[in-house]
Amino acid sequence: MFRLLVAGGGTGGHLFPGMAVAEALGEMGPVEVRFVGTSRGIETTAVPKRGWHLYLLPVSGLYRVGLAKRLLGLARLPVALIKAAQILREYKPDLVLGVGGYASGPMLLAALALGYKTALQEQNAYPGMTNRLLGRFVPISFVPFEGLGEVFKNPVVVGNPLRDAIAQLNGQPDQRPRTPLVVAIVGGSQGAKVLNDTLIEALPLLERFYDQIEWVHQTGKADYERVMEAYQAYPCIKAQVSPFIEDMAHLYSRAHLFISRAGSMVGEYCAVGRASILVPIAQSSGGHQLKNALALESVGAAICIQQVDLTAEKLVSHLGEFLADPRLISTMEAAALSLYKGNAANAIAQRVVEFFALEVS
């Protein structure tokens, strides 16, 4: 049986593409799938829920952290490498797929040193630190956009992998009622405080749209109660508030507009044809979120608002424009669809099997 080891995670943006590739390989034949992550990432719940085994590495960040945390991360690195080597010798995977995140680095480094087959999957227009460091050594890397030849040894442009339930929405008849406007605020798997704060500030201004907008708001665990209380102060505003949204495919089938960061979810917006207001993380590695947002904005698929420029008034102004002219949403949806290259999960599965002459049957 083919054995796949997916290394990385931390956030849904890293983890879900890896899960999508695992699903695609599973459709080609019998595959045993295991993941490697950290005890703080979304993988601790998402991976076991799918019935996959999860290894944990004692590793933490080295970039964009204070001196004390950087020293702690450096001290943990040798232990993580030893643990990674132990995992490889125990599981003996046919392929190690790195998807970015803290656990990806030590796992790929150990796999390269011990001679295991390795591949990378990058979700962004500009790679994070882990993938930038290892991209020159891993024999094949799957990327969403052109122009990454200086970073990766062998980049293959395929777009971003999508979970099957989301990929299946592409090309389906649009059965959404055009009113009310369903607006989803999705701050990633951990939420986004700046989006939550801005929405809370905007609520008094949004009250006049109470019968025109329905809200779906993923807050993250830390902000759930605070955001919920803010909505309750305006009972006329219709809102569904939750710490985390499990069924994103259902949300895509309902929502007209997404307000979010600009991580790997932008690939999902393109696949399902959804308009978006993107607020890139200001300190994202290499500015990759800003590059993602600008890539969509350049074709009219999104509005990019840099975090320093985000205000409640600006957000409400854009919403007012969408309500005044619903054609704006339709135009952005068509532009987003024009960027979709097909479900990259299937393409990645096929390419790794061919590239490494693997047997999945």
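Just so it is clear, glycine is given a Cβ too, placed from its N, Cα and C backbone atoms.
Nobody curates TrEMBL annotations by hand; they come from automatic prediction.
Taken straight from TrEMBL:
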type: DOMAIN; residues: 5-138; note: domain 'Glycosyltransferase family 28 N-terminal'
type: BINDING; residues: Thr11, Gly12, Gly13, Asn124, Arg163, Ser189, Ile245, Gln289; note: UDP-N-acetyl-alpha-D-glucosamine binding site
type: DOMAIN; residues: 182-349; note: domain 'Glycosyl transferase family 28 C-terminal'
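Sequence features annotated in TrEMBL and their locations in the structure.
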residue: Thr11; record: UDP-N-acetyl-alpha-D-glucosamine binding site; DSSP (3 states): coil
residue: Asn124; record: UDP-N-acetyl-alpha-D-glucosamine binding site; DSSP (3 states): coil
residue: Arg163; record: UDP-N-acetyl-alpha-D-glucosamine binding site; DSSP (3 states): coil
residue: Ile245; record: UDP-N-acetyl-alpha-D-glucosamine binding site; DSSP (3 states): coil
residue: Gln289; record: UDP-N-acetyl-alpha-D-glucosamine binding site; DSSP (3 states): helix
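Per-site Cβ counts within 10 Å over the binding-site residues Gly12, Gly13 peak at Gly13.
For Asn124 (UDP-N-acetyl-alpha-D-glucosamine binding site), the count of additional Cβ atoms within 10 Å of its Cβ stands at 28 [all protein chains shown]. Taking the Cβ of Thr11 (UDP-N-acetyl-alpha-D-glucosamine binding site) as centre and 10 Å as the limit, one finds 20 other Cβ atoms among all the protein chains shown. Cβ neighbours of Gln289 (UDP-N-acetyl-alpha-D-glucosamine binding site) (same chain, under 8 Å, six or more residues apart in sequence): Asn124, Arg261, Ala262, Gly263, Leu278, Pro280, Ile281.
If you take the C-beta of Ile245 (UDP-N-acetyl-alpha-D-glucosamine binding site) and look for same-chain residues 6 or more apart in sequence within under 8 angstroms, you find Val186, Val216, Gln218, Leu251.
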